[in-house]
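Straight from Swiss-Prot, the features:
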- 33-40, 639-646: ATP binding site (BINDING)
- 252-279: zinc finger (ZN_FING)
- 309-587: domain 'ABC transporter 1' (DOMAIN)
- 607-935: domain 'ABC transporter 2' (DOMAIN)
- 738-764: zinc finger (ZN_FING)
Amino acid sequence: MAMDRIEVKGARAHNLKNIDVTIPRDQLVVVTGLSGSGKSSLAFDTIYAEGQRRYVESLSAYARQFLGQMDKPDVDAIEGLSPAISIDQKTTSRNPRSTVGTVTEIYDYLRLLYARVGKPHCPEHGIEITSQTIEQMVDRILEYPERTKLQVLAPIVSGRKGAHVKVLEQIRKQGYVRVRIDGEMAELSDDIELEKNKKHSIEVVIDRIVVKEGVAARLSDSLETALRLGEGRVMIDVIGEEELMFSEHHACPHCGFSIGELEPRLFSFNSPFGACPTCDGLGMKLEVDADLVIPNQDLSLKENAVAPWTPISSQYYPQLLEAVCTHYGIDMDVPVKDLPKHQLDKVLYGSGDDLIYFRYENDFGQIREGEIQFEGVLRNIERRYKETGSDFIREQMEQYMSQKSCPTCKGYRLKKEALAVLIDGRHIGKITELSVADALAFFKDLTLSEKDMQIANLILREIVERLSFLDKVGLDYLTLSRAAGTLSGGEAQRIRLATQIGSRLSGVLYILDEPSIGLHQRDNDRLISALKNMRDLGNTLIVVEHDEDTMMAADYLIDIGPGAGIHGGQVISAGTPEEVMEDPNSLTGSYLSGKKFIPLPPERRKPDGRYIEIKGASENNLKKVNAKFPLGTFTAVTGVSGSGKSTLVNEILHKALAQKLHKAKAKPGSHKEIKGLDHLDKVIDIDQAPIGRTPRSNPATYTGVFDDIRDVFAQTNEAKVRGYKKGRFSFNVKGGRCEACRGDGIIKIEMHFLPDVYVPCEVCHGKRYNRETLEVTYKGKSISDVLDMTVEDALSFFENIPKIKRKLQTLYDVGLGYITLGQPATTLSGGEAQRVKLASELHKRSTGRTLYILDEPTTGLHVDDIARLLVVLQRLVDNGDTVLVIEHNLDIIKTADYIVDLGPEGGAGGGTIVASGTPEEITEVEESYTGRYLKPVIERDKTRMKSLLKAKETATS
């Protein structure tokens with residue numbers, strides 16, 4: 001019999017405590033719990049890993065080697081599994097050739113559509129290019145009324161310079177009498193002299209015909225002769241009216257522009273047949289950017305305003321610049337912005353043909369001198385970039401280059417032949433520029449001829465179906481040409497979700513990791529109905545999620561806890577959402593039922609008159625936005641997905657501040673100016689990127705507390721006696737580390753066809769250090785024992801050392817008391833990595849002049865984690881600093897001092913500021929979707945707080 005549930009027995013992956021779980025099949029199951037409690041360990045590292053592994057085991061050993069190794073999870077048994085598909089956030093392609101269209105395969109169908117029913121047009125003349133038979137030409141000409149006079153002409157020269165004596169001589173020999181030269185009739189018996197430096201067009205008059213009955217045979221003979229002479233082209237001059245051009249080849253009759261047979265690869269920018277030859281199908285070209293070459297125009301040339309020519313070791317370029325300035329009389333002590341344009345142009349673009357005297361003396365006193373042509377700083381960088389064989393130089397030069405739209409294909413990525421094929425007046429590049437919603441409307445209303453409709457019917461059905469799936473999961477604002485690398489984790493995941501809905505599989509186990517990330521409350525219902533739709537096809541969905549709406553919509557809810565890390569790993573409660581809400585042990589249940597909640601702040605901070613202000617922001621979809629962010633407050637930037645939040649904050653504000661305050665090289669998005677810089681001295685972006693890419697990086701090394709701990713060990717009597725310095729206690733350098741495993745503690749053994757096996761090092765038994773180093777102890781513990789301690793244990797262990805205690809306290813405050821100091825960075829979740837970064841900021845001394853930017857800090861956080869995160873963020877603001885978050889989570893938004901709401905819609909329908917002010921002010925704005933969803937939350941929490949106060953008063957009385 002088919003099992004109606006998945007039984008997991010004895011799961012021990014990571015921090016799971018040998019748990020048994022029962023999951024109903026063909027249901028929407030949500031797994032929730034604190035960050036680090038073991039949700040992903042259960043869903044991904046146990047259930048998915050085993051489902052995938054069993055499926056892959058059925059393939060041949062040859063096929064398995066290409067699929068990557070699947071570890072067997074640490075579990076006793078799992079029954080009732082189906083093949084598993086995981087839709088997570090990690091696997092987005094960063095390849096610049098990947099676009100929303102290619103990832104969803106919509107672009108493949110578009111290519112097919114254009115190859116089958118597209119109409120080629122001449123890019124010069126706009127004429128549709130068709131090939132016609134003589135019968136079709138005759139029929140077209142005989143449409144004219146009777147007695148119409150016309151001439152049949154054979155074009156033999158079109159728009160070419162020369163006297164064309166030989167051509168005319170040849171025609172005369174063939175027995176022709178008349179020609180038309182540049183529109184004027186001439187007899188070949190006359191002396192014809194043409195100016196050889198002018199362009200000429202020559203047509204031979206083959207026949208003169210009057211349209212009447214019985215003329216068809218003569219007309220087709222004349223056309224045949226004309227086509228032979230005109231190499232496949234013929235011109236019909238209807239006297240006193242118009243001229244017709246016919247071609248028997250697939251070519252423009254005027255200029256001969258032709259396209260071979262249309263095939264799908266012609267429209268692929270990843271194939272040499274279709275890609276634009278200038279940018280190789282990327283749509284962008286790296287070009288030297290004058291703004292990056294001279295980032296600060298307030299400096300003079302003497303103060304090294306030309307960034308790439310700042311002297312490092314050699315004085316060659318500074319001396320060359322001096323020679324150029326001497327030659328042209330350019331003042332090197334004046335700020336660059338005050339130099340006349342023609343002088344600055346000489347420095348940037350070179351001296352042309354002028355020769356400049358240049359005398360160069362190197363560090364060894366050797367002298368070279370002579371007259372040289374100066375190529376200009378920009379050309380110099382471009383040349384060095386193209387000619388160098390060294391990756392280092394190429395990277396150096398790339399810092400001064402930026403991506404510009406390709407001049408040949410205007411950013412459409414395809415060669416001109418592909419862009420000359422139109423459907424309904426648009427080429428394929430124009431279609432990919434449309435948002436999903438607009439493209440859907442375009443294809444639904446598309447009218448084609450009956451024959452074309454028959455051919456395109458199936459293709460159109462696929463395109464419309466896929467577009468509507470994207471629309472269903474709330475991605476209607478994305479354009480098909482959007483690069484996949486610029487999508488947020490949630491967007492990428494919802495795209496894959498749409499692709500899966502499109503495949504309409506049944507009986508599959510889908511495992512999703514927080515699909516609601518980056519999704520506004522408004523679009524949440526669409527996502528939930530998409531998930532239910534997949535469930536109704538007969539699939540089991542296991543969703544790791546913290547979103548309240550998704551949890552309430554689940555058929556079955558599993559709460560893992562009670563704490564995080566070593567304090568978690570158990571099933572606290574499982575059942576319908578209502579059953580979990582009733583369970584007194586479940587933290588999630590308490591939040592869902594309202595017994596626990598994040599309170600509103602007693603009062604909101606008032607802006608103190610210090611602002612950072614962006615004027616005229618117009619990158620991506622922003623419509624010349626002017627935004628003000630009050631400093632010294634906790635500010636949230638909100639708006640539906642795709643409204644322009646990340647563009648405004650990350651692309652413009654962060655990059656512009658980093659460029660001005662930290663001399664960063666990244667170029668900010670387009671805007672007029674930014675005011676209020678004098679109130680800040682640093683900007684810090686705290687994102688969820690891993691804190692290190694290797695297992696050697698860990699929370700202790702990242703926060704800098706490991707340095708202090710090594711100092712403590714180096715100060716012990718034993719270390720002093722042995723002469724050990726702090727370097728002895730590092731596992732990254734020779735000396736104190738175990739050399740057998742080079743301080744890793746584990747040794748990797750590569751196995752083909754089987755997962756790589758990691759075994760503890762036999763010499764140090766996983767302790768990373770050699771025996772001598774481990775003999776040095778502090779309070780009875782070796783350096784290796786300290787790395788194995790949790791933050792919580794280390795806090796009490798080092799409580800007498802204020803320097804260490806302060807750093808560990810901040811890790812504990814952000815809710816990371818459960819991680820060990822030596823936990824490899826690669827095993828931390830995104831939320832944990834972000835909190836490690838927050839902690840390392842918290843223990844620094846505050847100046848009150850720092851701006852912290854956090855993009856969706858609630859990703860991966862449970863409501864209880866969010867409560868802790870808020871305490872930390874409010875602490876930063878209490879220190880006088882400014883915190884700016886991009887957020888959809890209403891618990892964060894309701895506690896902000898100030899909100900800037902973008903919208904009203906996503907994509908082209910967004911990019912303006914809908915409202916700004918306190919949360920209460922936002923709820924009063926009709927057009928604001930954020931306000932609409934925030935209002936009931938604020939009212940609900942006010943009621944909750946009142947009843948809490950009442951309960952307290954009753955208790956005290």
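Every residue, even glycine, has its Cβ placed from backbone N, Cα and C.
Sequence features annotated in Swiss-Prot and their locations in the structure.
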{"residue": "G33", "record": "ATP binding site", "Cβ within 10 Å": "30"}
{"residue": "S35", "record": "ATP binding site", "Cβ within 10 Å": "28"}
{"residue": "S37", "record": "ATP binding site", "Cβ within 10 Å": "29"}
{"residue": "K39", "record": "ATP binding site", "Cβ within 10 Å": "28"}
{"residue": "G639", "record": "ATP binding site", "Cβ within 10 Å": "29"}
{"residue": "S641", "record": "ATP binding site", "Cβ within 10 Å": "26"}
{"residue": "S643", "record": "ATP binding site", "Cβ within 10 Å": "30"}
{"residue": "K645", "record": "ATP binding site", "Cβ within 10 Å": "25"}
Write out how many residues of the zinc finger (252-279) are helix, how many strand and how many coil, based on DSSP.
4 helix, 2 strand, 22 coil
Below 8 angstroms Cβ to Cβ, which residues of this chain, lying six or more residues outside the zinc finger (252-279), approach it?
97, 102, 108, 110-112, 114-116, 118, 120, 122-125, 127, 129, 158, 233, 235, 245-246, 285, 406-409, 412-415, 417-418, 420-421, 428
Quick one: what's DSSP say for K39 (ATP binding site), helix, strand or coil?
helix
Coarse DSSP state, helix versus strand versus coil, of K645 (ATP binding site):
helix
Averaged over the domain 'ABC transporter 2' (607-935), what pLDDT does the prediction give?
92
DSSP on G639 (ATP binding site), three-state: which is it?
strand
DSSP-wise, what's the residue breakdown of the zinc finger (738-764) into helix, strand and coil?
0 helix, 8 strand, 19 coil
